[in-house]
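Input: a single structure, listed below in structure tokens.
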Amino acid sequence: MKIKEQFFFKQEASKNKIHFISLGCSRNLVDTEVMLGILLKSGYEATESLEEADYLILNTCAFLKAARDESTDYLQRIIKAKKETAKIILTGCMVSKHKEELKPLLPHIHYVLGSGDVEHILSAIESKEYGEKISSKSYLEMGEIPRKLSTPKHYAYLKIAEGCRKRCAFCIIPTIKGALRSKPLDQIIKEFRLLLKMGVKEIILIAQDLGDYGKDFSADRKSCLDKVLKEMLKEPGDYWIRMLYLYPDEVDDTIIDLMESDHRLLPYVDIPLQHINNRVLKKMLRTTSKEQILDLLTKLRTRIPHIYIRSSFIVGFPGETDDEFQDLVDFVREGWIDNLGIFSYSQEEGSVAADMPDQVSQSVKSKRLKILSQAQKQNVEKHNQKLVGQVVEAVIDGYHPDSELLLTARFYGQAPEVDPCIIVNEARLVSGFGERYLIEITGYVGYDLIGRVVKKAPGE
């Protein structure tokens, strides 16, 4: 799992300096941005320096044990590096269900907030005594909320729901995040318009499962995602809307129709499949079969031939046999999936699968992870070869992390943070980040493409 650190905005000296570290997924990042906005609006100032901060807020991740270990490591680093008078506020998924793993470090914590309880960040910071408030309250239930974006100015995440209705055997997210809570449609559209007004050109919709949106309040318990998309697409402008985390049983003809008819709803979907063997899928408590998955992927690629499909798979699920794993390898080699995240099964306490017999050894899981990763890499190389010589419209994200002589860009088939990018090595025509250009693909290295800027994209 990719765990990232987000630091925010250095401003002038103040006795009320705050420093945020946000770990885990983009949904966590949105919560961090809201907390940051609340504090900035209240007169606090943000600093990039951990050592200078008066208040340090760590938003933890608990998706897997590796994520919890990373959260603990960051907390230890903060405790050692902070100045003596600084206070630490701990929040996020880990404190809601795995606080016992933090017990040795709790004496160093000034305040503990439950996952998503962003509303109380101000009271936590201003509390004169050590405190704790573990609740499932989400900012989705609040009214007007400030938010300070930490992403590059041209893209932002828009969370439309919190919690999860699914009960997959390997997952503990429902016990951490609670039941599905959909954000009111009018609030979503208000935030969408505000992001556009701020100059955001790519809005990435996120939830535990976008397709579950509205099932907690609609009379027929059906998804209302199509209503959200239709309302958004009424807004004028040449923006991009990208969908992440859409379960396979929630991708219906209405969603496909919208992608087909309006280029602003990008032909890109992130569909977590997790496996392809029917016995394993059943043990995982997934609601789709291999046959249904193949039918869906065939429909998507028939209706929208240029679509990009992202997915995730788990190797080494309890009881997974060599033959069942080979089914997964064969499926990946068929090239159905463009961008893929692969995880070794993690035995998470509290999940159904944690108590299953026939747990797969770590050595076998590591071997299977390597085999499946290699199969996908071969697919990507074949696909990248076909792209060489083509010209794509792409947005310039910024400098490449390895060198300011290079830039990074993305076309519609590449989501930020999770997918490969285009490495731009000829960019004399670029006048600003966040703008779209026509880029000729000249080669590739690993998963990433290499390209040169031809000219500005039409409309820029």
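Including glycine, each Cβ sits where the backbone N, Cα and C put it.
Quick caveat, the model's predicted, so the values are computed rather than measured.
The [4Fe-4S] cluster 1 binding site feature in Swiss-Prot is assigned to Cys25, Cys61, Cys93. Less than 8 angstroms from the CB of Cys93 ([4Fe-4S] cluster 1 binding site) sit Gly24, Asn28, Thr60, Cys61, Ala62, Phe63, Ser115, Ile176, Lys177, each of them six or more residues away in the same chain.
Here Swiss-Prot flags Cys164, Cys168, Cys171 as [4Fe-4S] cluster 2 binding site. For Cys171 ([4Fe-4S] cluster 2 binding site), the count of additional Cβ atoms within 10 Å of its Cβ stands at 22 [all protein chains shown]. Mapped onto three states, the DSSP output places Cys171 ([4Fe-4S] cluster 2 binding site) in coil.
If you look up Swiss-Prot, you'll see 16-130 marked as domain 'MTTase N-terminal', on the strength of sequence analysis.
For 150-382, the entry in Swiss-Prot reads domain 'Radical SAM core'.
Across the residues of the domain 'TRAM' (385-455), the predicted structure has a mean pLDDT of 95. Positions annotated as domain 'TRAM' by Swiss-Prot: 385-455.
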Across the domain 'MTTase N-terminal' (16-130), DSSP yields 57 helix, 23 strand, 35 coil
Other than Cys164, Cys168, Cys171, the chain contributes near [4Fe-4S] cluster 2 (Cβ within 8 Å of their centroid) the residues Lys166, Arg167, Phe170, Ile172, Ile173, Pro174, Gln208
Same-chain, non-site residues whose Cβ lies within 8 A of the Cys25, Cys61, Cys93 Cβ center for [4Fe-4S] cluster 1 are Leu23, Gly24, Arg27, Asn28, Thr60, Ala62, Phe63, Ala67, Gly92, Met94
For Cys168 ([4Fe-4S] cluster 2 binding site), the same-chain residues 6+ apart in sequence with C-beta under 8 angstroms from its C-beta are Gln274, Met284, Leu285, Arg286
By a 10 Å Cβ neighbour count, the lowest-scoring of the binding-site residues Cys25, Cys61, Cys164 is Cys164
Counted with DSSP (H/G/I as helix, E/B as strand, rest coil), the domain 'TRAM' (385-455) has 3 helix, 42 strand, 26 coil
Rounding to whole Å, the Cα atoms of Cys171 ([4Fe-4S] cluster 2 binding site) and Cys25 ([4Fe-4S] cluster 1 binding site) are apart by 15
